[in-house]
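Trainee: In case it helps, Swiss-Prot gives these features for our protein:
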BINDING   Asp82, Asp84, Asp86  Mg(2+) binding site
BINDING   Cys83, Cys99, Cys106  Zn(2+) binding site
Amino acid sequence: MSAIDSAAVLAKIKFNADGLVPAIAQQHDTGEVLMMAWMNAESVAETLATGRVCYFSRSRGGLWRKGETSGQQQRLKDFLIDCDGDTILLKVDQDGVACHTGRRTCFYTAARPEGLTEVAKVQVSPDELYKK
């Protein structure tokens, strides 16, 4: 994806009081929902400029370039803003797994009549993923 001028995009986004907006990552060709994370203005601008998805890590208090540690990068295919301007949908090409648990998606726990059920298997050990 070519670099996108971020000024108009940033003007359209309604960041919360902490300067953040939720971002949903979806596999561009299958529609699989991979994860939800937060973005700030700087991470939005970097994502649009580089085509590599960058989030804001609330726990680390800084930019989180997806895949920087694990190698499991997300390449931006499309950047969509919802009707209220307060949520972003990132259509991405995900390298490997998206979840820090080693699963393809972070949405692997299903609420079923019999209780909570894990519906996705670990594909890569987290220890291997992060070389702990």
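Any Cβ shown, glycine's included, is placed from N, Cα and C.
Could you give the neighbours, burial and distances for every feature on this list?
Mentor: Sequence-distant neighbours of Asp84 (Mg(2+) binding site): residues of the same chain at least 6 apart with a C-beta under 8 Å from its C-beta are Lys14. DSSP classifies Asp84 (Mg(2+) binding site) as coil under the three-state reduction.
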Trainee: Take the Cβ of Asp86 (Mg(2+) binding site) and count every other Cβ within 10 Å, whichever protein chain it belongs to.
Mentor: 13
Trainee: Beyond the listed site residues Asp82, Asp84, Asp86, identify every same-chain residue whose Cβ lies within 8 Å of the center of their Cβ atoms for the Mg(2+) site.
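Mentor: These residues sit around the Mg(2+) site: Lys14, Ile81, Cys83, Gly85, Thr87.
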Trainee: Measure from the Cβ of Cys83 (Zn(2+) binding site) and count the other Cβ atoms within 10 Å, all protein chains considered.
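Mentor: Other Cβ atoms within 10 Å of Cys83 (Zn(2+) binding site): 6.
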